[in-house]
Amino acid sequence: MLESFIIGAQAVITPMGIGMIIFGVTLGIIFGSIPGLSATMALALFLPITYSMNPIAGITLLVSLYIGGISGGLISAILTRIPGTPSSIATCFDGYPMTEKGEGAKALGVGIVFSFIGTLLSTIALIFISPWLANIAIQFGSYEYFAVAIFSMTMMAGLSGKSIVKGLMSGMFGAMFATVGMDSIGSVRRYTFGSSEMMSGFSILPVLIGLFAIAEILITAERAKHLKDVKPIEVDIKNIKGFGFSLKEFFEQKWNCLISTFVGLGIGILPGIGGGVANVLNYGVIKNKSKHPEKFGTGIIDGLVASEASNNAAIGGALVPLLALGIPGDTVTAMLLGGLTIQGISPGPLMFIQNVDVVYSIFITMILGSIAMLLIEFYGLRGFVALLKIPKYYLLPAIFVFCVIGAFGINNRIFDVWTVLLFGTMGYFFNKMEIPASPFILGFIIGPMAEINLRRGLMFSQGSFMPFITSPVAVFFLVGAVISLTFSIVSQYKRNKREELSCSN
């Protein structure tokens, strides 16, 4: 492992590598701090640019954007009660009340420090867990990979959005769109409608850019009759200085931080869930175990630590299934999967053998990126807060143009531009109908994996399904899929009952 670390460090600790980390983290914080933008949009915008870079420089930039984007959401959440990213929803609960009490600087300091700790601890866990999991996964065959794919899809569909039916429907749509083009086993054309452009199917990057970046632009623009009606956020930054809290207060949060990191890491590992769930769920966990749960939501450090440590710990957690199994842990790691794919690298257990330099460069980038995040947010805080005042009618059109140019630059074909616009429109209508887009992406990525391994498995077994239910690993994941689906159905039923009771009262 030490030798691999040295290889990774030599690849990243160069003028280009350090520059990419600083640039990526800074830009990620900017995207995360401006409501309506996100880490997902940042990666969608810069994915095409990494195509012309060497693999390590490209993935260093994307991972740095990820780290900065998740942490940056705390700035607007604390100062304006508008979460910059979904991962900062619970940060609003106590962060903004602290600002109202005149403790905005303290809240920002707490958020920055525990974001750093959550990221760093989850990176350490990632370094030890992912190689171990990859060693197990390298023994997987078609039966096991099919079961892993089914487990991932049920987990995503069950835990994304308010409706399990809409989540499943979204995932199935994604899997259906992934079948467009040439069949990889039988070389049969599927849903091409006689078009030569359709034979290669839809590329993952234009789909991601359209479904998240373009759709978000359309949604934000629609919220006002005119983009000039989207008012810039006014924030007083004169009194923001220092971390604002004592060492005593820091050490009082040690168990809160460790529990929050553990919960965030665990939730991040589960495919398709991410920091948006981690911060809200862990907030409830810490609140329930607190001696003073009634104080949560009134502006206390405990709630802020619970949110920021957990959502940043989910970063390392989400990378575990990506690196070890080739399965994205959340939407942003789906972007990272796309970034690796366009460089000819296939995430999964073989990556630890064939691309060990890339794997350990990711680990080194995570460590250096978390340090850069701490320093950049601390020293550049006043500037980031000022960015909240940029009018959206300048920002959104510029992002739209970059998205379209980036989509065209991937393969230099106009078909990818139409793909971006198609999936951007689809993402917009998904939002209107409250259909979650994340299951669509997982279905689009995991669907082909499930199909190919199902067909290969049936070829090996001469048409028998028995190996799929006799392999211990396959059975484990299939049972996990059933449990996940059952848990989701029961949870939704209980939630609907509670809503009915609250409405009747």
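Each Cβ is built from the backbone N, Cα and C atoms, and glycine gets one as well.
Where the annotation comes from TrEMBL, it is an automatic prediction and has not been curated.
The domain 'DUF112' feature in TrEMBL is assigned to 19-442.
For 21-49 (among others), the entry in TrEMBL reads transmembrane segment.
The transmembrane segment annotation in TrEMBL covers 55-79 (among others).
Taken from TrEMBL, the feature transmembrane segment covers 107-130 (among others). Here the transmembrane segment (107-130) has long-range neighbours at 67, 70-71, 74-75, 78-79, 91, 94-95, 98-99, 240, 242-245, 250, 253, 257-258, 260-261, 264-265, 268-269, 299, 301, 304-305, 308-317, 319-320, 323-324, 352, 359, 363, 366-367, 369-371, 373-374, 377-378, 381, meaning same-chain residues at least 6 beyond its ends whose C-beta is under 8 angstroms from one of its own.
Marked as transmembrane segment by TrEMBL: 136-157 (among others).
Among the features that TrEMBL reports, transmembrane segment is placed at 202-221 (among others).
According to TrEMBL, the transmembrane segment annotation covers 257-281 (among others).
Sequence-remote contacts of a segment are chain residues at least 6 beyond its ends whose Cβ falls under 8 Å from one of its Cβ atoms, and for the transmembrane segment (358-381) they are 4-5, 7-9, 11-13, 17-18, 21-22, 24-26, 29, 55-56, 59-60, 63-64, 67-68, 71-72, 75, 108, 112-113, 115-116, 119-120, 123, 126-127, 130, 240, 243, 315-316, 319, 323, 340, 345, 351-352. According to TrEMBL, the feature transmembrane segment maps to 358-381 (among others).
According to TrEMBL, the transmembrane segment annotation covers 393-415 (among others).
TrEMBL lists 435-454 (among others) with the feature transmembrane segment.
Annotation comment: TrEMBL describes 466-490 (among others) as transmembrane segment.
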*To what whole number does the mean pLDDT across the domain 'DUF112' (19-442) round?*
79
